[in-house]
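Asker: Quick one: the structure is below, and I'll ask about it shortly.
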Amino acid sequence: MQCECNGQQQLSTSAHNVFSLNRNAADQCPPCFDCHLAIYPCINFGNCSDISGRCDCPIGFGLNNCSQPLCGGLATPTRHARLPDQAKCDCLPGWTGVHCNVCETDRACDSLVPGGQNGTCYNSMHPVKNNHVLCDVTNKAIVDTLKGKKPQLTLNCDKESSVCEFQFWAAEVESFYCKMQECSFTQEHTPTLNITTFECPHMQCRCFPERLLCESNGLDFTEWFNDAQEGPNGPGTFTCEESITDTNVHRTCRFSEPHMNEVISQFFGDPYIKLECPKAGECMHYTQIPGYTRPEFNSNFSPMLIALMSVSGFGLVVVVVGSLVWLQRKADASHAGYLHIVSDDPQSEAPCEEMMSDHVPCTIQFRNLSYAIDTNRLQKMVVLEEVQGVVRPGQVMAIMGGSGAGKTTLLDILARKNKSGMVSGEILINGRFMDNDDYKSIIGYVDQEDTLMDTLTVYESILYSALLRLPESMTYDAKIKRVEETMLELDILAIANRRIGSAGKRGLSGGEKRRVSIACELVTSPSILFLDEPTSGLDTYNAYNVIESLVSLARDYQRTVIFTIHQPRSNIYALFDQLVLLAKGRVVYSGSAQEAVIDHFVHLGFECPLGYNIADYLVDLTMHVGGKNEQEDSDTATEVSRPPDSPTSPDHSEQMYTSVQTSPAHSHGRHRSTIRALQETLLFSRKSRSDAGSPCLLSVSLTMLPDISNWTALSIQRWFKSVFVNRNQRSNVSMRSTQQRQRASWWIQFKILSGRSFKNLYRNPDLLRTHYIISVVIALICGFLFWKIDNTLAGFQNRLGVMFFICAVFGFGCLSSMQIFAAERLIFVRERANRYYSPITYFIPKILFDMLPLRVLPPLILGLICYHMIGLRPDTFLLLRFLLVLVLFNLTAAAACLAISIIFKDVAVASLIATLVMLFEMLFGGLLLNKSSIPPAFQWMQRISFFNYAFEALVVNEVNGLSLLEEKFGLKIDVPGSVILQAFGLDALGYWEDVKLLGIMCMVFIGIAFIWLQLFVRERR
């Protein structure tokens, strides 16, 4: 019996079974196909049409219910379904796959793109719009189970709708199919692999009725596929690794879904479905290929745009320079008159008085101090030997002696400075030993050489010392009050607003700088203050004022003051309480500086004549004893010398003096030598106790003075026992002093040092202005030399040249950053030794105020001016990427130069090393030497070249996606920029990798610079 359907199209719009059948056979014929009926579902997730009652099928499937694959190819206008008796589809040339959806050649895609030409078959797992993939299932257990029926999987992903569909086939007969939604597509690139991942959180699968896995009389997974809870409902993940060989593309993939993995594991023993996907393709126009950018020609450049960008660069310079000038004038105006005085508010004075009075007086005792340095492997030179002494609170101790006696060495050891030699002995504070941190928190040290920042004023120099070193609990007004009091004590209030100055800039005199250096230490009112030649460079009046202020500090506030001094005036010597007299590293005298020292040397037979400065006499005595007279002429020595124990009468002395006056035969030089010898005979002759009027000439040997070490030791012991130091003072001196001397926090230090660095920058703007001017000039030169370069190969050469030249300009310009730290190395070392701040709080402001104005703004200025003048691609995003690379490169080069300047102390050596580093960085930068031709032994130099990464990033940013035209034989050959990049050994996809490596190298150089600064840049004497 034959059944026919009439009026199918009209009747199928009803949801009911409305068919016109032959009335006689109406109860025997099945209804005609209508997808609205439950017995005619749409296979492969086809959509049921409300108009025709047929299924709208996915690509590659046909018939009413989408159950049959279509043959031919995607480019075929009308595709026919595979006949039931056909084992596989016959695909047209250029197409392959179970349903001929996968392209193989570019020509096969021409009819699918606008214009019918330049079609491209893009072979990738990662979809651009809609791709098709053919895979072979490689699970061994599945292959063995199917017994010769080849298992395959076809995949189609639509990126716009985020939907992927796949079908499982056995011998090209469909078994089940799945649909995944809300898929995300990612791709990772390595030098050898492309890793593509599809992640789809939602998934549904259906089984083809009465086929493999869904047979009613066999293995039937129909209910499991339809189960929304326990069935394969997602998430589903496709992961593929693509590797390219010389002949083909190898793709190893896997599909994973939790419930499906469980079934695979139970039945076949594998964790997921394993796939090999040899065929993947998607038709598109060549301009749609990822990474392709249609080239922009220079004719599109607007002169107005070029002018605006140039004006922007100039404007940036004007704004920055103008701001600096305004800040400088404002600062000068604020310091035009006398600095503001804090009111005499008791609340502001209280913390200051507490700072001056609430402390533990410190008695310092040193004994058996010796110091030796290695001259070679076998010998040591003794600089100090068995030095002893005591000084109490309220006293000042002067260390005197001739040149080379060891005064500064003894002071350094007492202050516990880092010494290069071997130190022995002990230093006790109030009878007990203190560790270095506690000890240095209660002392101050003033060097003989002034180390002050030339751009700061006197007031600012002392104020920064106070802000950094006085207790954080002390109010700001109290600290300012203390600064003013210190300046008043040292009589420098009148020059408070004058800048320190330098050799090339007018500033303070040497004596004024000396007083400022002392004020920087006095402002903290240390319990123990050490000074190396505090009167050096001062006139007699100011020298007396300085020593008097030190004596007042010691006596009024129970401070302990120790200093070296060279032949002071008698009125200055009269202020001393204690004296240590050295000669050739040994103690000649240690004790009271007044009557006791006179009595001691009278007791030894050496009496200072009336009217003779006792300080000069003692120093001259040590010099005479030290053997200075050994250099006198032999004739003169013969004329005046006598055995040490042979008496010399006054008449004989008078006779010698008379003969010198009257003898015309003596030359002028002999006359002076004889006078000096006679004077030394009269002054430094040891007088016999039995005949005080009969002097005997002192021998040139130091041993002529009696050994006073026993006397000194006994005196020190008696003296120290007289000092009352109770147990509480001994135990609390460290704690209380440390609490008082607790310096500012890191944040406060950072803010103060940042302000100081900024003042130093805008008060000395020569380097800043020069960098900006050079950036503008270089930008204009490059703009005119490379004006509007074209898209030919010659234009490509010009692009490489200008980018390499810009890198070279900034690379060598960063050599100026070496002077940033070299000029302040000594200041940093001294301030660190005196516990002004931590290295980290000094280092960060230095980095910020060098990097931001000198290393960030100049590249921006140059780039904004020259980018469009040169004719680089007029894209805002590409311009920003261009500027980013310039800034990162400049920062990295500056960090490298800064690290070199910190590592090498000598500026000339550091400059030479930095220049060589820049040259080798350029050599391996990618232009002078082709990357592919570098010998393997030198490949590592390319990997550490920041020139290489910056140059590659700049070139890739400009050339990748740009088509260059080369005219040969009358034809214009379109050469993709990526091909030329490859010829130069440049990675067309390496921009962000280069940017990342530049940032890493910058941080590494900064880290090396700081670590070296922290560990090795220390004071060592």
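Any Cβ shown, glycine's included, is placed from N, Cα and C.
Bear in mind that TrEMBL entries carry predicted annotations, made automatically and left uncurated.
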Asker: Taking C100 as one end of a disulfide recorded in TrEMBL, give the other end from among C66, C91, C121.
Answerer: C91
Asker: How about long-range neighbours of the domain 'EGF-like' (62-101): same chain, 6 or more residues beyond its ends, C-beta under 8 Å?
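Answerer: Distant Cβ neighbours of the domain 'EGF-like' (62-101) are 33, 35, 40-44, 46, 54-55, 107-109, 111-112, 121, 132, 134, 152, 154, 156, 167, 169, 171-172, 174, 208, 279, 283.
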Asker: The domain 'ABC transporter' (364-609): mean pLDDT?
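Answerer: In the predicted model, the domain 'ABC transporter' (364-609) has a mean pLDDT of 88.
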Asker: Which range out of 772-789, 847-870, 876-900 gives the transmembrane segment (801-827) the most CB pairs under 8 Å?
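Answerer: Result: 876-900.
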